[in-house]
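Student: So Swiss-Prot lists the following for this protein:
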{"type": "ACT_SITE", "residues": "H121", "note": "active site, charge relay system"}
{"type": "ACT_SITE", "residues": "D172", "note": "active site, charge relay system"}
{"type": "ACT_SITE", "residues": "S275", "note": "active site, charge relay system"}
{"type": "DISULFID", "residues": "C106-C122", "note": "disulfide bond"}
{"type": "DISULFID", "residues": "C206-C281", "note": "disulfide bond"}
{"type": "DOMAIN", "residues": "81-323", "note": "domain 'Peptidase S1'"}
{"type": "CARBOHYD", "residues": "N183", "note": "N-linked glycosylation site"}
{"type": "CARBOHYD", "residues": "N203", "note": "N-linked glycosylation site"}
{"type": "REGION", "residues": "41-60", "note": "region 'Disordered'"}
Amino acid sequence: MGYCQGVSQVAVVLLMFPKEKEAFLALAQLLTSKNLPDTVDGQLPMGPHSRASQVAPETTSSKVDRGVSTVCGKPKVVGKIYGGRDAAAGQWPWQASLLYWGSHLCGAVLIDSCWLVSTTHCFLNKSQAPKNYQVLLGNIQLYHQTQHTQKMSVHRIITHPDFEKLHPFGSDIAMLQLHLPMNFTSYIVPVCLPSRDMQLPSNVSCWITGWGMLTEDHKRGPVHTAVPSRLQAVCCSGCRGQRVGSRVGRFRSMIVHSEGQLRSLMPGDFHLGDSGGPLVCYLPSAWVLVGLASWGLDCRHPAYPSIFTRVTYFINWIDEIMRLTPLSDPALAPHTCSPPKPLRAAGLPGPCAALVLPQTWLLLPLTLRAPWQTL
């Protein structure tokens, strides 16, 4: 098995949300749309050193980028996907569980044989030593490993240096480098990274996945099996300065900035414990990564949107990290064959978070104050 190598270029989609009036019109159109794809297909080339590719901006066909566009974003599973129901093995092969001392902490997303992305806030008040973290892929059940499971040690954790410098949860993105490259199989595949200037169609089908809590009873811990939820994203402009709620403490009002953040407009089931997990959209050729679950209000306040890190904003940073980070030494990779401990939702702060109901968020009272939390 070889050592982990960097990638020269990474690109992602530019996705922003519309002004109030435009949002209402676009939302009405989306709610009545029935032309959303509900199947995925495609063949999977194998190989431990294959790299995730970019999706071409001008087309939704399988345009080759560096000859590897047939690798990423194409699960083996073919069939309908139902929101809120357990995922099937191989259905979301880039979904990873980030383990902290053997317990599920956050979601993460495989973007290359040696790299995953997650969110910086997952590491707040936690040890920064990579030896305390592992990633689990090829698994849809956290308590039960199969022959498809790969559990890998983390070599390096790189959090964004500007996290919360400009506004709360700003630059909420982190990268994880593995000691050894992940072997791509029918159950472990990287997600595609779209090009910077690609425009998503208005009826694109987008999904969020994770093991987060499905109820407000946070004592129950995360669910055992990965659960997908459907989300329809609006691709427009004008997300600046939109107030989505209030935050207790030193920040009395929470403002969503277009710089590096997305907000959800559609109902779904993104909950506590899903932080760092993927928001992916399906094009005719493959699934592409659009956002990372960052934060939201708890289930008692459904009128507020959940917030995602807009990955496209960090394209240069991601590219630089993957190009310039030193290679890991495979001889130093620790043994990682032990089964995971029973999960206890490590470090999860309080009750669950849910996506906003689309028909209510545009009429939010600006004076309402509600508790905030990470997802």
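The backbone N, Cα and C atoms fix where each Cβ goes, glycine too.
Describe each of these features in terms of where it is and what it packs against.
Tutor: Packing around H121 (active site, charge relay system) is summarised by its Cβ count: 24 other Cβ atoms lie within 10 angstroms of its Cβ, all protein chains included.
S275 (active site, charge relay system) carries neither a helix nor a strand DSSP state and counts as coil. For S275 (active site, charge relay system), the number of other Cβ atoms no farther than 10 Å from its own Cβ, over all displayed protein chains, is 32.
C106 (disulfide bond) carries a strand DSSP state (E or B).
Around the Cβ of C206 (disulfide bond), 24 further Cβ atoms fall within 10 Å across all displayed protein chains. Annotation note: C206 (disulfide bond) sits in a strand segment as assigned by DSSP.
Secondary structure at N183 (N-linked glycosylation site), as computed by DSSP, is coil. Taking the Cβ of N183 (N-linked glycosylation site) as centre and 10 Å as the limit, one finds 17 other Cβ atoms among all the protein chains shown.
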Student: Could you tell me the mean pLDDT over the domain 'Peptidase S1' (81-323), as a whole number?
Tutor: 74
Student: Sequence order is fine: just name those recorded positions in C106, H121, C122, C206 with a Cα within 10 angstroms of D172 (active site, charge relay system).
Tutor: H121, C122
Student: On a C-alpha basis, identify the one among C106, S275, C281 that is nearest to N203 (N-linked glycosylation site); the candidates are the recorded positions.
Tutor: C281
Student: To the nearest whole angstrom, state the Cα distance for the pair C206 (disulfide bond) and N183 (N-linked glycosylation site).
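Tutor: One finds 26 Å between the Cα atoms of these residues.
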Student: Out of N183, S275, C281, which of these recorded positions is nearest C122 (disulfide bond) by C-alpha distance?
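Tutor: Checked the recorded positions N183, S275, C281; minimum Cα distance to C122 (disulfide bond) goes to S275.
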